[in-house]
Amino acid sequence: MIELDNLAYSYGGGELLSEVSLKLAPGSFHFLTGPSGAGKTTFLKLCYGALVPTAGHARIFGQDVREMTRDDIAMVRRRIGVVHQDCQFLDHLPISENVALPLTVAGRDVQAEAANLDELLAWCGLTPRASALPPQLSGGERQRAALARAVILSPDVILADEPTGNVDWEMSQRLLQLLVELNRMGKTVLIASHDLGLIRAAKQHVQARVLRISNRRLQLAGADL
Amino acid sequence: MRGPRVIGDLVSGDGSADRVVPPSGQTAHLTLFAAAVMAFLAVFALALSLSTGRLADRWGEDLARASTVRISAPGEQMQAQTAAALRVLETTEGVASARALDATEQRALLAPWFGPEVPVEDLPVPQLIEVIETDAGFDAAGLRLRLSAEAPGAVLDDHTRWRRPLVRAAERLRALGYLSILLIGGAMAAIITLAASAALSANAQVIGVLRLVGAEDRYVARAFVRRFTLRTLAGAAAGTLAGCLALLLLPSSGEGLDMLTGLGFRGAEWLLPLLLPPVAGLVAYAATRRAALRVLGELT
Ligand SMILES: Nc1ncnc2c1ncn2[C@@H]1O[C@H](COP(=O)(O)OP(=O)(O)OP(=O)(O)O)[C@@H](O)[C@H]1O
Ligand SMILES: [Mg+2]
């Protein structure tokens, strides 16, 4: 699915990530942890082609990011659902349209998928807020909407950057359950989070591996966390 | 291939691409206004070109038929002087041909004044020689001198020659009119490029989000292109209509003073200004598309 080969990245100063190698196998479930500023968001961006590695290779669905055109990247993003740390909505459109946006830009018939959309909104507890504008939502509601948008196209891979940062424990369990459910359907999941409780909870439901960024390197954390 | 794509992009009713970009009040109004003004000006430039063109053509034809030499002489010298004048004309530089009119033609010329039954042969009417000039034309003063030496009764009448510089001016004016239309088109392309670039920068965040959820550049560009093309089309249509109405309302003095009152379209020429809005729309389409793809290319 996603393959990083001896990759390094720097924003211009010193290297933020070095010698990173990783294969995300289909159907796998990973957590990514590390202190704030370690480069978790940067790592995810490398995984969905928003950043090009400064050294080494990143291959997405077998294609080297460096050789991909802008449209190739657009197509890849329809197969990778991303929950961004800062959500990123179109503030002039209601939540329901924002969640359906991947369908819209992919030229799919949004009307035909209306039932799916309603179900998804209900699952994320957003039905009462469906016609609100993004700036009118709470932080947690925005994160739920971002997750809903990430999975609406039923992507092969789901990358989530702190998807539970602003929600209470119960809601975070629900969102986790959704991700676990999707993983059981064969989707590859990678969640960046420093919520160790969430990670422990997940491990009861799913075979999850924990990656940790420390000292610019990516390490596989022990079973004990 | 490209034509149908343009139309397809515009009428596909793909309002979705429209909705994802927030409405922009001011740019919209300014684009509409600029397109209307440009179309209004283009109508006048077009009318100017066509009217001066007509003038130049008509006067040009008159010029080509040009001059006559009139020979008044006592009956017995008429033949000799005519022959002498023809000889002079044939050897004059700038004269393409010279031909003495025969009795029938002279009678036709006089008919309006004296009726068809005039016995031209018996009257002391002057003999007329029709002179056709080359494009370069002849030196009238020199020709007069030589004629007076060879055929004292010959008078060169070149009444239409004074129009020659006017024809040249009219032709120049026509060229200027067409140049103005090109310049107006260029200015419109520039204005729309600026407006589209401003709209694109103002919506950088929106474009970023669209890109994150997998929108291709083509999709994002279409939202802007459609908007600016339709706006320009509407503005240009209004401007063209206003321009045509203004032309219709110009006072007409009938004949004469063509330059001033003849400004406008005749008959089928009225179809030409109808082309202005679609052409303006095409210009807007190309300008916005270029601006959009350039701006998008600079984003990650
Ligand atoms: N566009 C950028 N240009 C320059 N430096 C950047 C840029 N984005 C991030 N950085 C820097 O790179 C480092 C890693 O950032 P990143 O966002 O990947 O961290 P993170 O692990 O996601 O942190 P957090 O847990 O707080 O979200 C930070 O020091 C940040 O300041
Ligand atoms: Mg981060």
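For all residues, glycine too, the Cβ spot is worked out from N, Cα and C.
The shown structure was predicted, so the numbers you read here are calculated from the model rather than taken from an experiment.
Across the domain 'ABC3 transporter permease C-terminal' (B:181-285), DSSP assigns 86 helix, 0 strand, 19 coil. The domain 'ABC3 transporter permease C-terminal' annotation in TrEMBL covers B:181-285.
The transmembrane segment annotation in TrEMBL covers B:30-50 (among others).
Among the features that TrEMBL reports, transmembrane segment is placed at B:173-192 (among others).
Per TrEMBL, the feature transmembrane segment maps to B:198-216 (among others). Listed by sequence, the residues of this chain that lie at least six past the ends of the transmembrane segment (B:198-216) yet keep a Cβ under 8 A from its Cβ atoms are 20-22, 24, 27, 224, 227-228, 291-292, 295-296, 299-300.
Listed as Cβ neighbours of the transmembrane segment (B:228-250) (distance under 8 Å, sequence separation of 6 or more from its ends, same chain) are residues 10, 28, 31-44, 47, 188, 192, 195-196, 199, 261, 263-265, 270, 273-274, 276-278, 280-281, 283-285, 287-288. Annotated transmembrane segment per TrEMBL: B:228-250 (among others), in sequence order.
The feature transmembrane segment is assigned by TrEMBL to B:270-288 (among others). Residues 6, 10, 35, 38-39, 42-43, 46, 50, 185, 188-190, 192-193, 196, 221, 224-225, 227-233, 235-237, 239-240, 243-244 of the same chain sit 6 or more residues outside the transmembrane segment (B:270-288) yet have a Cβ under 8 Å from a Cβ within it.
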When the pLDDT values for the domain 'ABC3 transporter permease C-terminal' (B:181-285) are averaged, what is the result?
-> 85
